[in-house]
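To start, the structure itself, in structure tokens.
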Amino acid sequence: MAATLTYMYPYVYASHESEVLSGCAIIVRGQPRGGPPPERQINLSNVRAGALARRAAQSQPDTKDIPDEPWAFPAREFLRKKIIGKEVCFNVENKTPQGREYGMVYLGKDTSGENIAESLVAEGLATVRREGIRGNNPEQARLCDLEDQAKAARKGMWSEGSGSHTIRELKYSIENPRNFVDAMHQKPVNAIIEHVRDGSVVRALLLPDHYLVTVMLSGVKCPTFKREADGSETPESFAAEAKFFTESRLLQRDVQIILESCPNQVILGTILHPNGNITELLLKEGFARCVDWSMAVYTQGAEKLRAAERAAKERKVRIWKDYVAPTANLDQKDRQFVAKVMQVVNADSIIVKLNSGEYKPIHLSSIRPPRIEGENKDKDKRFRPLYDIPYMFEAREFLRKKLIGKKVNVTVDYIRPATTGGETGNFPERTCATVTIGGINIAEALVSKGLATVIRYRQDDDQRSSHYDELLAAEARAIKNGKGLHSKKEIPIHRVADISGETQKAKQFLPFLQRAGRSEAVVEHVFSGSRLKLYMPKETCLITFLLAGIECPRTSRITASGSQVAEPFSEEATLFTKELVLQREVEVEVESMDKAGNFIGWLHVDGMNLSVALVDGALSKVHFTAERSSYNKTLQSAEEVARQRKDKIWANYEEKPTEEVAALLSEEKERVAKYRAVFVTEITDELHFYAQDVETGAQLENLMETMRAEIAAQPPVEGSYVPRRGDYCIAKFADGDWYRARVDKIESHPSKIHVFYIDYGNKEVLSSTRLAPLPPAFSHKTLAAQAHEYAFAYILVPQDEDARADVVDCLVKDIHNSQCLLNVEYGTGSGCPYVTLQFNDSKDDVGLSLVKEGMVMVEVRKEKHLQKMVTEYLNSQESAKSARLNIWRYGDFRADDADEFGYSR
């Protein structure tokens with residue numbers, strides 16, 4: 001007998017309609033080496049199985065579909081389950097002139113394994129070609145014996161009946177694919193992958209109804225084969241490798257398919273295999289890229305696909321071999337950082353302050369702010385984008401209320417280079433980032449409220465948000481719910497009158513603002529340290545506002561006589577004011593107006609007078625007009641402290657050597673301790689406390705007793721009082737008694753009123769039904785508010801919330817509702833004196849006790865007359881640090897981690 005050549009091919013795969021072409025023909029492949037291995041078709045010698053069904057050629061309308069021959073599909077399935085994915089060996093016994101090869105196939109590495117042809121014949125799934133059998137061939141004789149045994153046992157095709165039950169009713173097309181997919185309700189369907197067109201498109205046989213459908217993988221796209229005019233196919237880069245990757249894992253495997261959507265007659269789905277999700281694997285190995293249009297229907301979590309694609313990009317594998325990340329040139333510290341929001345420029349743009357003090361503009365990635373459609377029709381009216389573009393004001397206000405003054409996490413997604421000219425116009429380089437606060441993606445929140453839209457990109461444009469899918473999902477929700485820009489309701493109109501510089505309008509408006517007392521406002525723009533533009537929400541107007549009582553350095557400006565150079569420290573004063581009040585909600589007291597129609601008055605932000613703050617920061621001087629103001633004493637005190645520091649505008653100040661000043665200096669060489677008895681009534685979360693003077697305690701008790709008796713005799717009518725911000729009133733506390741209070745804030749819902757109890761320092765939110773007018777006989781003019789605010793001298797308030805909460809708890813336990821001794825040590829001009837407090841019985845210093853216990857750090861003061869106290873505090877701090885108490889339990893952290901732990905040296 002002639003020798004035969006044995007070929008070792010470990011895997012079984014396919015190239016055309018199926019890998020196991022029939023019950024007696026297979027395709028084998030060798031091990032891949034540097035690419036997909038070549039294919040080889042082997043026909044089983046001496047046996048024949050039924051032919052599988054074939055669809056009629058679409059180009060020949062007269063032809064008909066050919067059905068399965070009886071027992072053809074069971075033979076194919078027997079062979080598929082037996083050898084697909086298994087290691088086999090075969091020998092070629094015969095090769096026809098046309099190149100058709102016949103041989104024997106064995107499971108395993110050599111011919112000692114199971115003979116596939118014999119197994120088919122033994123199961124009655126194939127017949128033996130007896131016409132070509134030689135009598136001296138033992139293998140052929142064994143096939144005949146096995147066939148005779150199968151006939152005797154009535155197996156397979158030798159069983160009773162025609163075998164019609166083994167013929168499939170194949171369905172090559174679906175009349176309404178969308179309804180078919182919807183009827184599946186995204187439940188997994190059993191299937192066999194019959195053909196792989198490219199890495200992301202397969203032909204599947206759905207079981208048990210035998211639908212043959214083409215399925216495109218949701219959310220991804222692999223390189224494809226382009227069909228040329230001559231009918232040939234040209235593969236894109238890595239198309240063959242991607243196809244082989246999918247074939248080697250799925251072809252003729254039992255899988256489950258989730259049919260997810262059917263846009264434009266294309267069925268999208270996800271193929272689930274026991275060994276993993278092919279969609280994610282293709283992305284991870286760099287054989288596919290994410291596509292936005294089908295990502296939305298992917299049911300297994302779009303973030304997993306993005307993560308897999310990101311991993312392939314980082315490794316620069318296959319289709320990503322030349323990939324350059326949008327932020328590749330950025331250091332890690334510039335790629336991800338925490339910053340404080342200082343200004344909302346637009347509905348998609350903010351300005352943040354970095355830890356270095358630098359200001360940086362940030363654009364929100366992949367979103368577009370509201371914009372006006374077409375040209376502005378009203379040519380005579382000055383166009384104001386904030387108020388005239390629909391939903392622009394709502395978008396800006398959403399960002400302002402959420403972000404201004406808050407710390408946010410910034411993750412840079414990409415940097416848009418500067419553009420000059422062209423259709424897009426001139427734009428500087430833009431840093432586009434994802435901004436989050438409290439775990440909330442601000443861009444996603446904007447889009448979900450219909451206050452911005454998502455930008456669509458080319459598929460190969462990688463410069464987009466790292467949370468692009470979440471943005472698309474948020475936009476889809478906003479459209480479905482008719483939110484904001486997608487609403488069919490009437491567009492909101494903002495009629496805002498700008499009376500800046502309008503002298504006549506300002507004169508008419510002045511009496512209303514003067515009578516209103518403290519009015520709410522939002523600072524829209526800061527021109528200089530003391531000149532601002534305010535939006536008055538109740539009056540829906542814009543005004544120019546000048547700070548009263550101070551003389552601030554002037555900025556550079558152009559006048560009729562020419563340009564004027566900026567005065568020293570004018571920029572610092574402007575920046576100081578911007579950081580404190582720009583786009584913040586403030587309260588203003590209007591006193592008068594100038595001849596140009598600008599209003600003059602006092603501005604308060606978070607309880608602080610901005611005029612006093614500028615003077616205290618040595619960025620402004622007190623103007624003589626402050627003498628007639630109730631804030632004059634505070635301003636003069638702040639200016640005196642700033643002069644003593646010789647800081648900024650007072651750097652070159654020389655005092656006049658008078659006897660009075662000399663006497664004052666001699667007194668300041670020694671600290672003056674004048675302790676007085678106080679009763680601590682409230683401790684705030686900021687480590688300030690409120691206390692009543694014991695001296696005036698009896699007066700307060702008499703006033704309260706008289707007031708309550710009068711209220712009991714003539715009870716107020718419930719609900720008759722309409723509170724206004726800044727009003728003094730009486731409020732019913734939880735104990736059922738009435739106390740004097742001040743209205744600090746009124747929420748949009750009138751039943752929520754924030755009040756401050758002026759004699760005790762505590763705050764409460766209650767309904768207007770528990771408020772009533774304060775009888776004039778008991779007003780703050782009869783007896784001043786008894787709760788005075790103080791701060792602890794010589795100590796730093798921890799910025800870390802947990803550390804601060806521990807200190808507050810300690811103070812509440814030790815001094816709340818108890819009598820202590822208080823001494824004013826120094827002031828800052830902000831109206832809150834810094835004091836030392838002693839326990840009434842032991843005379844121990846409360847602040848020093850906190851330092852000894854390692855609860856707080858010491859603030860080092862430079863004044864000479866305070867050095868003895870500072871030294872005592874510092875010595876106690878060193879003792880606490882040596883004993884590793886509380887904040888010092890990990891040693892001295894101040895060198896590197898002061899900011900992290902909420903302290904700074």
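Please read every residue number as a count from 1 along the shown chain.
Glycine is no exception: its Cβ is also placed from the backbone N, Cα and C atoms.
The domain 'TNase-like' annotation in TrEMBL covers 20-160, 187-322, 335-488, 517-652. Here TrEMBL flags 722-781 as domain 'Tudor'.
Helix, strand and coil counts from DSSP across the domain 'TNase-like' (517-652) read 41 helix, 50 strand, 45 coil. Across the candidate stretches 20-160, 187-322, 335-488, 722-781, the maximum count of CB pairs under 8 A to the domain 'TNase-like' (517-652) is reached by 335-488. Per-residue pLDDT, averaged across the domain 'TNase-like' (187-322), gives 91. The domain 'TNase-like' (187-322): residue composition by secondary structure is 43 helix, 50 strand, 43 coil, according to DSSP.
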